[in-house]
Amino acid sequence: MQPADRETVTGLPPGIAAARDTLTPMLSQYADLCAAHEDALVLFQVGDFYEAFCEAAETVARVCEVTLTERSDSTGDYPMAGVPIDNAAPYLESLLDAGYRVALGDQVEDAEQASGLVDRAVTEVITPGTVVEDDLLESGTTNYVAAVAADDAAGESGSAARVGLAAVDVSTGECLVTSGDADAVAGELDRIAPAELISGPDAPDFAPSDAARGWTPHEYDDGAFDRRQAAERLEPYLSAPDRRFASDAELRAAGAVLAYAEYTQGDDGPLSYVTRIRRYDPHDRLRLDAAAQRSLELFENRGLGASDTLFDALDETNCALGRRCLERWLRRPLVDADAIRSRHDAVGELADRSLAREGVADALATAYDLERLVSRVSRGRADARDLRSLCRTLAVVPELKATLADASGDAGGTDAVAEEAGSDAEFPRTDHLRDLRERLDALAEVRELIDTAIATDPPQEITEGGVIREGFDDDLDDLRATEREGREWVADLETAERERTGIDSLSVGHNQVHGYYIEVTDANLDRVPDDYRRRQTLKNSERYVTPELKEREESIVGAAERADAVEYELFVDVRDRVASETERIQGLADALAELDALTSLAAVAVERDYVRPELRAEAEGSVESDAGIAIEGGRHPVVERTETSFVPNDADLPRGSVAVITGPNMSGKSTYMRSVALAVVLAQTGSFVPAQAATLPVFDRVFTRVGASDDIAGGQSTFMREMSELTEILHDAGPDSLVLLDEVGRGTATTDGRAIARAAAEFLHDELGATALFATHYHGLTDLADERERVFNLHFTATREDGDVTFLHRVVPGASSSSYGVEVAELAGVPRSVVDRARDLVAADEADRDRRTNGTDAGARVDDGAASGEELSGDKDRDGDASLREFLAEEASDERGASGSDSGDVPGAPAESGDAGNRSPDGDAEVPAGGGTDLAAALRDLDLARMTPIEALNALYDLQSRIDDDG
Ligand SMILES: Nc1ncnc2c1ncn2[C@@H]1O[C@H](COP(=O)(O)OP(=O)(O)OP(=O)(O)O)[C@@H](O)[C@H]1O
């Protein structure tokens, strides 16, 4: 997006403004539309094209890559560029991608009927969040525009301002409203991921946490956020809007977002297909912020192929409705144990009944996107093909009802389904599926209406006839009969006239300009009868009409024109009658969507061997105190699809416990942690989980801090981002939260990183009581298991044989003893010389450690067992009772010990060993004594093989500062 460019071309182009007083009537009309739509680029219908003029034309030409031409009229020459209306979609998409809003200035009267200038008006403003064109929308996805407003009365009680959030998907009519403090609303915005956000004058600034997938912010009329105006706006949508929201902020956001949505749809009044405004509390759902969605790769996978996401693993839906529903469920999993169990019941039943499931899937595969269809019907934009698609989708309903009918009773279940589980097996047994069956409204009269009214294979155009079925309307049938008879008469005319005149070469034809004619070649002109009237002379022939032919022609054309007009009227009437059932059709769409999502979950459960999770949560207040996660043979739903032999692992995490997970790089720590979190997310979505058995509590939030992902676009350093994510977790996590921390602290110098990791783990355990999985390469952290009641160690193992490392990917109790970092570097193809050098450094480090352990300063060991390949027992013996303060004090002493900066006394005396560490880089000169010797020791002690580039940089920086300090 280039805001500077946009300023010059949205609204009234300067070139048109400058000539405004002298413009022709048409350009003057263009100027008026531009001036009334200051935030949009106006595309102005001229015949079959959408045109733009002056600077706006330059933008259209550049962005859409079309030719810039010139329009000349009596008042001057104007640059002009246009796109064909018939094929406007790709050009509109380019303009939207470039950040423009596009106002379509359509001709709103028939050009042939117009007495002067054709009337034009903006019929739609296309914006990223309010597109309704199928060509510009992805199938099976949601596309929201959202608005935020803050309470005027904020802060009175000292509490943070309440922020209202409302979002509308204009293509389907879905409307959501919620509120919370600014953090909660930021989280909801991440979850809803609107394409566009409009903010009230007093609303906080919200920025998308993922700039790449973020929304377009937009300033919109402050008046729309006014409480009174908002309440008035909402009246057609809700009775007593004043009493329907939890706060003024919600009401104002809802009013404003609907005002904006109406404006983009041509300001034709309320959007009749927005029939349900659903308000919800963010706490009613499992909260997954953008960081969690990203790191758990729910919808996006940045590493592997784009399709390797949890959503893709779960998506066996059969239609766009189901796909959108499944996406909604996964973005907002449940927290109500009964609701979750109810979904599990339905999934289980569909999983058990494969014939029923396949029957449902086959039927749904022929369903069209009812939500978008009905919103088009209701907006008056649906064509005859849309109505036919709607009718075909309604035809699926009786089939589905039969499949879901009680197979044992007399409700007419299909025989195959009855046979499957024995004829006496009741189906469906679960309340959930029974409810869904009840909600399948066949809308028989709507289907019947469309079926009898609309042609089976109608044209796209609705004004040119052929859309209404014969037999639907007598007048129309009479007109069509007149037309047909006339055409038959004309078709017979040739034979009749050849007989009458004796001219064998005589022919009857038709063209646009002259209509019907009789053509006679020059050689036969002498045989032309008297009643022939000459119409046209060609090179070798003459064309004639007769009074009777003329009369017939008029009757054919008249009947056809009237029939087209009658058809259009009938079509619009049928469409309006269908639109009057919008709410019922939306209800059916919801039921079909849910059924499809459940069927998809069931299919996945069967195909991939998922198991129904048992929920530990009881009724509120009676949660078992340590009812935690217990998974047997758990798998990662995405990785197991790409790994040929995935190793299942158990997880046993009492509530409020912290599992410290160590192990070599690449051993499977992250995969394991994510499998556990994904099991929770899946279970609360209503899905079965990839495991042999699983018992799970219901969590309220899942937090993740996984991987040192860069946020260059967001303008934060890796470490800064890591720390802000950690801050949020430590602020908001509680006993009902699941927290995943992966290598926290690795983005900064080792000492600081270790300290932060340990302090965070302690805080999670002592203060927050959250259930946490903590993967780390800082082996010192494993000591916490001895000090804290609910901290325990897990580790991943690998075997090393003849220098080859094999990862077992199996989790076992206890702490890890080796890191295999150098081996992983070798596996990854790091050059031989670097690998060898790293091995030497590790060996030197180990030797040094041994010397220190056996020497005078046993307390000055390097703590990080991972870095040294130190065995578990060595770690354990060390500082069983170290509190954080002691731990940090020891870290400091480690540092001093390593650098010798405190006393000048270098433990282990590396300088005396004649080690390469005290030589200059080229190996010639000795490093000067004193500070220089310390530096050499510190340099030698750097564990390069285990450091991240940023750690190495920090260490170098430290060393350099010491040179400066030492002069
Ligand atoms: N249980 C498993 N069974 C089979 N393969 C697995 C398993 N777990 C992980 N892997 C494979 O090992 C790779 C590395 O796993 P993962 O990223 O979880 O390791 P890690 O220990 O977190 O590594 P690092 O410490 O370097 O971040 C995965 O991409 C996957 O291909």
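Each residue, glycine too, has its Cβ placed from N, Cα and C.
Features reported for this protein in TrEMBL:
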type     : residues                                       : note
REGION   : 198-218                                        : region 'Disordered'
COMPBIAS : 201-212                                        : compositional bias 'Low complexity'
BINDING  : G663, P664, N665, M666, S667, G668, K669, S670 : ATP binding site
DOMAIN   : 737-753                                        : domain 'DNA mismatch repair proteins mutS family'
COMPBIAS : 845-864                                        : compositional bias 'Basic and acidic residues'
REGION   : 845-932                                        : region 'Disordered'
COMPBIAS : 873-888                                        : compositional bias 'Basic and acidic residues'
Problem set entry | Beyond the site residues G663, P664, N665, M666, S667, G668, K669, S670: chain residues whose C-beta lies within 8 Å of the centroid, for ATP | A775, F796, F807
Problem set entry | Residues satisfying Cβ distance under 8 Å from G668 (ATP binding site), sequence separation of at least 6 | V647, N649, F796, F807, H809, R810, V811
Seminar exercise, completed: Comparing local Cβ density (other Cβ atoms within 10 Å) for the binding-site residues N665, S667, S670 points to S667
For this session: Using the structure shown, find which entry in G663, P664 (the binding-site residues) has the sparsest Cβ neighbourhood within 10 Å.
Result: P664
Exercise. Judged by the number of other CB atoms within 10 angstroms, which among M666, K669 is the least packed of the binding-site residues?
Worked result: M666
Problem set entry | Summary of DSSP states over the region 'Disordered' (198-218), given as helix, strand and coil counts | 3 helix, 5 strand, 13 coil
